[in-house]
Structure formats: C-alpha cells, structure tokens
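Input: a single structure, listed below in structure tokens.
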Amino acid sequence: MIKLGIVMDPISEINIKKDSSFAMLMAAQERGYQLFYMEMADLAIVNGVAMGNMRPLKVMNDANHWFELGEAKDTPLSELNVVLMRKDPPFDTEYIYATYMLERAEEQGVLIVNKPQSLRDANEKLFTAWFSEFTPETIVTRDANRIRAFHQAKGDIILKPLDGMGGTSIFRVKQDDPNLGVIIETLTQYGNQYAMAQAFIPEITKGDKRILVVDGEPVPYALARIPKKGETRGNLAAGGSGVAQPLSDSDWKIARAIGPELKKRGLIFVGLDVIGDKLTEINVTSPTCIREIQAAFDVDITGMLFDAIETRLGQ
C-alpha cells in the first residue's frame, strides 16, 4: 500500500469544490493509498532525519464534512512513499526552509512532488525567462529608470512583484498614467526589490488560461479565467470567472516545448499561465484548476498525476 503525505494549508479552511489538493487526496484514497496530513509547522529535522508530526487522514466528498483526522504521531518522513508539497505561496524564507527539510526526506528515499530543489530554482515569474520565445516582452529589474524607459517604449504595461499569488499587487500602467512613480516605488521598495514589467497583452479579455502539465504531458483542456468587468486580472482569487476549453494550437506548442524541461527537473504537476499566445507564468508551488477542468470535460487529471507518481515509485 502506498503511503502518501501532504503538506498543505489548513484543510478545515478549503473550498472542496475548487481545491486541487482535495481532488488529489480523493483520487489517492480511491486508489487505496493511506493518507497522512501535515502543515508546515509539522515538519522538522532531528539529528539529520526529516520528521513529520503527521495525522492519518480520511477525505469525503461532502461539503459539510469533508475530512477526518486521526491522532498525530511524530514519524520519519522516510516511512512515507510520496509527499505532495501543496502549501500555497508566499514563497518566503520559511517556505524555502521547508523545501530543505523535504529534500532531506527525498535523500532518504521519499518521492517529493514537486522536487524541492526545483521548487527553489523555478520562480513562478522568473522561470519564464528560460522560454522567452513564448513570453511577451519582459524585463526584471529594480531600477526605476529602466522600468520608465520600458513603459515609455511600450505605452501599456503590466507591473508585478516576483513573489505574488492570486493576482495580488499586479498593476496595469497605461501611457501618461500619473501613478507610475508610486507603483514603481511600491513594487521595488524604493529600488531594493526586483519587479517584473511585461508588455500588456490585449487578449486578456478572452481570459488568462491555466494549462496543466503532468509529468511533462499537457492536459488537453485549459481553464480560461476571464477578468470581471473593469479588471485586468483573470485570477479566480481576484474575482475572475473560469471557463474550461480545449487547448488551442499555440497552447499545445507552448506546453509541448516546456513539458520535457519540467519533467527533467522533477516538476511533476505544473500550471502554465498563457494569455493569447504568450506565456506569462509557470506555477510550480501549488497549481490549481483540477476541479473546474474535470467538472467540464471527461478528463482524469488526478489519474494522470497518480499514474506518473506510481511510475516513478516503480509500482
């Protein structure tokens, strides 16, 4: 029997209709896995051994009663076969420390999804630079003059921090916007923090597409997150609405080009963000949208994921 641990935000606070981690847990349980629940505070290293204060978990597809937890037991992570790291950003130093603990468990024989080193290496915004042939024109800098020159040249840009999530602190700055200066100061903390500027992509009105890639293979359907009226962010967390749709030719091209590199890096479950035919982000920490896509189309994303996990476990 496969023993699966998950590190996530409090399970008591999730929306099971939309939560991808919950979809994964339900699928694993249906396959007969034993589930163990952890939050970040439950991870520890004791004399070089990665430990988890883990609780046996049962999940139910019931909006009033969706989980039951057993008694916590301090256990070496090496007693598990696989750990899903599903903690949401912020990708802060605490998150980085957690990846080191999980890397220790990996060295002790546990499959970690996604690979801890690659979680550190692949910043969700910056990692797109490795695939710049697919991105809008982009700069990453903390230099206000460089941002101003980029804005001058493009006229309509998006400015965002490198560590945001769910559309937080994303600004659209048009030509002659009087707020450019204060937005630059805020995002760069007066020149002390890197920020990203991208040429605005008008196709955002048709949605910011989330394309899921499982062990290098694109899922054939995406979730287009359509911004609400008067908004430039499609993120569901920012009030956007989701419409599932088949991948376009350009979506396939992007996902197939990036997939092999993701697989090579041990990034087994990844969400690409695409606007029009441009790649804007590569989400590796805890990508979502499984529930919405599986509800709209006959596609078994969690099945793809656990097939990939079992292949890697040699099952």
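Yeah, the Cβs are placed from backbone N, Cα and C, and that goes for glycine too.
The annotation ATP binding site is assigned in Swiss-Prot to 151-207 on the grounds of sequence analysis. Other C-beta atoms found within 10 angstroms of the C-beta of G167 (ATP binding site) number 20, with every protein chain shown included. G167 (ATP binding site) carries neither a helix nor a strand DSSP state and counts as coil.
Taken from Swiss-Prot, the feature Mg(2+) binding site applies to E281, N283, supported by sequence analysis. In sequence order, E124, K125, T128, L272, D273 are the residues of the chain that are 6 or more apart from E281 (Mg(2+) binding site) and have a CB within less than 8 Å of its CB. The DSSP secondary structure for E281 (Mg(2+) binding site) is strand.
For 125-310, the entry in Swiss-Prot reads domain 'ATP-grasp'.
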**OP:** Work through the binding-site residues one by one (H151, L159, Q175, I183, A199) and name whichever has its CA nearest to the CA of N283 (Mg(2+) binding site).
**Re:** L159
**OP:** Identify, in sequence order, the residues in the chain of A199 (ATP binding site) that are 6 or more apart from it along the sequence and have a CB within less than 8 Å of its CB; answer 'none' if there are none.
**Re:** P136, E137, T138, K154, D156, I157, I158
Subject >> Neighbourhood of L159 (ATP binding site) by C-beta distance under 8 A, where only residues 6 or more apart in the same chain count >> reply: I147, I170, F171, R172, V173, I183, I184, L187, A195, M196, A197
Original post:
Where does Q175 (ATP binding site) sit by DSSP, helix, strand or coil?
Top reply: coil
